[in-house]
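Report on the following structure.
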């Protein structure tokens, strides 16, 4: 059989399974792939068993070792990439490094236990890193005889979600058994199909990177005699065309406006540069010393420079090449945003004396220069050129 081309006709969505250890995240992932392969056989829908998902290869993302399984499958209307992080620490690292961007997630809660500490932590992290759409799968319902108990567990989950600003009263809760579905029990297979149609309907199609406002982190700047100043870098999101008005944001106190007079890639003139392209942008009315690496070129008004923010961070363990000792309040490392390092001081949350290598923690940061940041911007924490932590902006403060 000839190899099929990757079909772009279906919208692509990234999702994942989250929840407490042993509540059935990986079993559910296996059940989804297996039931879809039985009910909707296509070249994409191949059954994956628990063992193959559980034996996720180690990946390194920004210097951090993470185990994550990636599986793909499709429904009638969409193509999905699904991530399953086996260990709790892997999940935390995944969320904080932005290694696995999720458009939505399935929160798996065992009906036999109800919400547990990691259930809460995963909901909080989803809120912090901007995963806006959660669907609940109450697993192991075949092991609970009491209908009232199931209702209580559902109420408890909904209350917990509301506590973290998710629409707890309205979001979908599906009750089933991943193991029974995997074993081929048709009643529970139907529930997996119901879960997938809920995912299709409830998790909105993500905005494509090219539809978002322009953001181009500046990597290099040079001047061309007689033509002006060129800034180069990879377009993070959005598009850029000749005659577009842009802003140069970050590092300097004021944001400068300019007009694009040329877009080049591989020394060829382009009509427009798109997200993902490495381009050189010719700017009118900008002197060579008015723009530098670490600033961003952006659509006017779309992103602002800030010095104070809250961040959710993971501090590398000694084994990952991180620090060997804890750090304390007012620790002053470098924060690496996109293309540059900026010194900043860290304020720890009340009641936290110190942070150990391998911990994750919410911190307040104050940078010495303003940088173009927004909720969801990722950064590394560095000391003497080596990475000691990784983080994501959860809230802008000033």
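Residue positions begin at 1 at the first shown residue.
Positions of Cβ are set from backbone N, Cα and C atoms, glycine also.
According to Swiss-Prot, the feature region 'G1' maps to residues 19-26, out of the candidate ranges 3-10, 11-18, 19-26.
Per Swiss-Prot, the listed range annotated as region 'G3' is 84-87 (candidates: 72-75, 76-79, 80-83, 84-87). Segment annotation: Swiss-Prot labels region 'G2' over residues 63-67 (candidates 63-67, 88-92, 93-97, 98-102).
Within the set 135-138, 139-142, 143-146, the record from Swiss-Prot flags 139-142 under the feature region 'G4'.
When Cβ neighbours within 10 Å are tallied across all protein chains shown, the highest count among the binding-site residues 85, 141 belongs to 85. Residue 26 (Mg(2+) binding site) is surrounded by 23 other CB atoms, counting those within 10 A of its CB over all protein chains shown. Long-range Cβ neighbours of residue 25 (GTP binding site) (same chain, at least 6 residues apart, Cβ-Cβ under 8 Å): 17, 18, 19, 84, 86, 108.
Sequence-distant contacts (6 or more apart, same chain, Cβ under 8 Å) of residue 22 (GTP binding site) comprise 110.
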